[in-house]
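Undergrad: Below is one structure. I have some questions about it.
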């Protein structure tokens, strides 16, 4: 029992606290009552069937899903290409391009949202799906670039050379050697982009129109007016969906590694 | 294919997005913040800030809430990072998963969970009332406390990550050496672990401070109409009042104050001695 000290106790408490929202939301969504209560009263699926009667949530769910999927594919494609250039070639300005690619991470989302709205209004794509998509690609690119660059930093280029020496076409080398070796980094970039886009509120807030609202924003708006178990049932669906992607991330890449916590000291 | 052409072809697509959605828009926003209602150049939007105590109060509130959040994430996050550094294999994996996974789930949803817990008819109040500890429900939401709780939950993962990264780098044999030399666990903590984790503390506190300063969703949902912070005011200026130049100026003022405060703080902490120890 030597390990159960104050550190362990506080850790347990903190883990409980950060997961408390989910421990409360999921049971609350099954309440038979007409209001939010914890512990929930009775058991019923009514708040789940009720989602089906709310077109704003259904529509925004599909918008979010479509948005996140297209963002994931395009951001991963653009980010991976850029990371290849940054890793493979040493050129003048590569440091600046690298810094620029990562910079959307350091600028507050609020400023990204407002400035995008401003510019999109001028060029006429404010409130369109395209505008929203471009902004989501922008905020996802840094994650992809960082992940793929990390993957490339330990990449063994002699394997590519071996491919060439055996007479393979450059595309064949890329497809059969480079890509499979980098797959974990690229796939994680894609999953991470999906989650980033699917959960984003602050940037989207400025860029959606009533018919392009995303699910988190629909929940945000609904929550500001009413708090009922409907939010709980919708949230539970999102939690479940996000968990699927988190487990995928853990399996493909490992959360510890994803967040740069991969120490060899133990 | 020439090297130059390859580089251009590979980086151009991402660069176009960065230029079109990030650099050009930001430049436009900066220009706009210097415009008055006749679109002439003016410092009006910025001078308003110095003259009107209303905005200064809001900035001060934003800073205050952010500082409390930094303190809360540090105090709660430090033991977690320490535990992760001590834990082995499987246990460390579980703790990492349980602290990082919620961070990947929508902030709106997590805030909603807290509203359910902290509300007047929420879990905590119902429990305290039932136990007879309080007679009136406590006000845990729609005030600064609510915002700090929400922000702490949102950003604690960043703090733990920064702290854990620096703690993993501490050689465990240093602790053993201290123990062999007869130091108590408390003494070892204050003489070895704490000073050596300083880079993690600096990184974590600056990160959480910057994030809290520009947080919008949590103050909007858990602060209510009475606890407005800078991002909420900027949002209202843009989307409700439609005073875009002022909204833009307020956003840049917020960013500038954050940068100034963070710079002062790091200058203060990163003394000559600090640099000698942690130069790498």
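Cβ atoms here come from the backbone N, Cα and C positions, even for glycine.
TrEMBL: automatically predicted annotations, no manual curation.
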Undergrad: For the transmembrane segment entry in TrEMBL, name the matching range from B:121-144, B:145-168.
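TA: Among B:121-144, B:145-168, the range TrEMBL annotates as transmembrane segment is B:145-168.
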Undergrad: Among the recorded stretches B:54-81, B:145-168, B:242-265, which has the greatest number of Cβ pairs closer than 8 Å to the transmembrane segment (B:189-222)?
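TA: When the Cβ pairs under 8 Å are tallied, B:145-168 comes out ahead.
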Undergrad: Same chain only, please: residues at least 6 beyond the ends of the transmembrane segment (B:7-34) with a C-beta under 8 Å from a C-beta of the stretch. Say none if there are none.
TA: 1, 41-43, 45-46, 244-245, 248-249, 251-252
Undergrad: Mind pulling out the one from B:54-81, B:93-117, B:145-168 with the most Cβ pairs under 8 angstroms to the transmembrane segment (B:242-265)?
TA: B:54-81
